[in-house]
Amino acid sequence: MKLALVAVGQRLPAWAETACEDYLKRFPADWRVELKAVKAEPRTQGKTVDAMKAAEAQRIEAACARGVRRVVLDERGTRLTTQQLAQRLQAWQLDGRDVALLIGGPDGLADTLKDGADETLRLSDLTLPHAFARVLLAEALYRAWSVNAGHPYHRE
């Protein structure tokens, strides 16, 4: 199974890049985990929010492999504990389909992506800056993997 974090926005503060890369590198070699950053639509006059989200949605779709399980990150998604995320990660692995976890841009994700998602999860009840969302997702996935692997990173 391949696990892709597909996020709108290519520039992050150095600390966020470093943290996200660190968590993704911690996965064992047989886990194919990657970050795919897609270009945010420029916020210029004359463009509606829906038009900008639609342009970003096209870039997200292009970054996702065909037949991939699409998991949208949204504040209205399902709330999971670490143990529940570990169970979900294990179920995805057993299913065998590649998984793309989608993080929207400043205005969120287009409704077409939300409506077409296989699942919608939330990272927090709070609205998070994109840099935090990427780091938090990478850490949460690594922690979930560690639970399933019996690795000492996670402690109850």
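Just so you know, the numbers here start at 1 and follow the chain as drawn.
The backbone N, Cα and C atoms fix where each Cβ goes, glycine too.
Residues or ranges marked as S-adenosyl-L-methionine binding site by Swiss-Prot: Leu73, Gly104, Leu123, Ser124, Asp125, Leu126, Thr127, Leu128.
Spanning the listed S-adenosyl-L-methionine site, residues Leu73, Gly104, Leu123, Ser124, Asp125, Leu126, Thr127, Leu128 have a farthest Cα to Cα distance of 16 Å. In this structure, the binding-site residues Ser124, Thr127 were compared by how many other Cβ atoms lie within 10 Å of their Cβ, and the smallest count belongs to Thr127. For the binding-site residues listed here (Leu73, Leu123, Leu126, Leu128), the lowest count of other CB atoms within 10 A around the CB belongs to Leu126. Secondary structure at Thr127 (S-adenosyl-L-methionine binding site), as computed by DSSP, is coil.
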